[in-house]
């Protein structure tokens, strides 16, 4: 277990990590999800002890490691780039931290072979990293992290530099590789889909802060604030200013609908409504759907999904629907949404309904 | 079925012409002299491989060659490790980086004969600052114009002063190109400073280090200007390195035949040793 208490990081006058308190547990993936520059790597480096903290305290399994240097924290780190010792064989690469730890020869061999089997590196044990493909190089780095007896394993966008197919393959294996090892696994990524596929828990990061932390699927369904909703959506979530008056929402000149459920009790005022692109469809599919009239400005076809960006008053929204829809750019089109899928945020950006 | 496109030869012609003019033609002139004897008047007599045999058998050549190998070995043994150490201790970021780089580059910007004159004046006993300091302040008997040992030390120190920077700058370029991630990985693994050097920095520096060793070998093996200006090859013949001896034969005695033969032998040795160095230093890279 890793506990962060009001941890901050500053470089000169710039604050990279604002006060952060977080408890990460073993047994599942802890995903740090955020855009580039949101502080994922900074936070990992603080936990790994690679960068000094400005203030705060870090505990690992109850032990205060704030002043403990990296070597003594018993951690592993896998980078986005493939970092291996260039003039050592794959075997020696995996064995190097074990040798430093002073393990016996047979123990080292056992651990290296176990890790190599898990990552299908058996036939490559005698090769040099430069003779391996990118995927094999990254698997070697992962094997080094697994073979080592770590309390925490940090995976900093480990799949970002792999091609699409390898990424899919390795991502499927990852949760199994670390299952039952007792180490806290922290996985940084900028792709919302990756967080959803890995499961476990997610900490959303934005501008050096953790904006929300919890079970991944729960955060996806109920983002606590607008920033969390935006980070956890690809394509970006649709949002617009709405005026709510007597349990009725009005989207400036485009649509009007009656509020139901918790939203029905919202006091009158200005709010932001947000709805995910795949909840805005080009065809009617239920009685409760309300109409949104817009003008198509951009269309994209990706595999069996079609998306349309449409202008509706001052807002540009996206509709993502399965199947191929014949849009024509510049034409007016009616899109449909179920108000039950809308989330409402107050003027401070917090979820209200 | 012949579908080869002979036009490819056209594209090779510029390179061939360039190599011919800057290497082959001048070299063939030397080859021409090396197998003939002349007494002036543009009259030449066939000599065969006689000059080569004479040069290779001569004590004078063998002594100069011995001195040359000793000089180069000492230079490499000092400049390569020293260059690595200095490069390792230079800052990798911040205000001092450009300062260090300029300071390092300074000796290399000075013309070679100026370096020779500088060190000559600097080390002359009585007149030179260093010469005076060693003799009259520290009481060390030092005179590079009279004692072979002093002359050798001076030539070596001068070369170290002049050329270690090259090794430093090349190694430094190799060092700064190592991503931080490698150092972090080493830190996490708990590697010692020696392990970081041995398993990260040295392998990553290897390519530039190979070039540094080759350049320093070739330059020091062919060195002429600085020791010539500093000691003129003396006292006696003690610092007469190969190229100084060659110039003495070619221009001093105007023995064109032996000088040409010696040039070719000199060139062959440089080429051969460079090749051996290169093969030894890159043999690990082949899978």
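Yeah, the Cβs are placed from backbone N, Cα and C, and that goes for glycine too.
Curation plays no part in TrEMBL annotations; they are all automatic predictions.
It should be emphasised that the depicted structure is a prediction, and the values quoted were computed from it without experimental measurement.
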TODO: Can you dig out which of the ranges B:95-112, B:113-130 TrEMBL describes as transmembrane segment?
DONE: B:95-112
Open item on the list: Check for me, if you would, whether the transmembrane segment (B:9-31) reaches the transmembrane segment (B:260-281) - at least 3 Cβ pairs under 8 Å, residues 6 or more apart in sequence.
Closed with: yes
Task: Tertiary contacts of the transmembrane segment (B:150-175) (same chain, 6+ residues out, Cβ under 8 Å) - done: 71, 74-75, 78-80, 82-84, 86-88, 90, 92, 101, 104-108, 110, 112, 115-116, 119, 123, 142-144, 201, 204-209, 211-212, 215-216, 219-220, 223, 226-227, 230-231, 234-235, 238-239
Open item on the list: Below 8 angstroms Cβ to Cβ, which residues of this chain, lying six or more residues outside the transmembrane segment (B:207-225), approach it?
Closed with: 68, 71-72, 75-76, 79-80, 83-84, 112-113, 115-116, 159, 163, 166-167, 170-171, 173-174, 241-244, 247, 269-270, 273-274, 277-278, 281-282
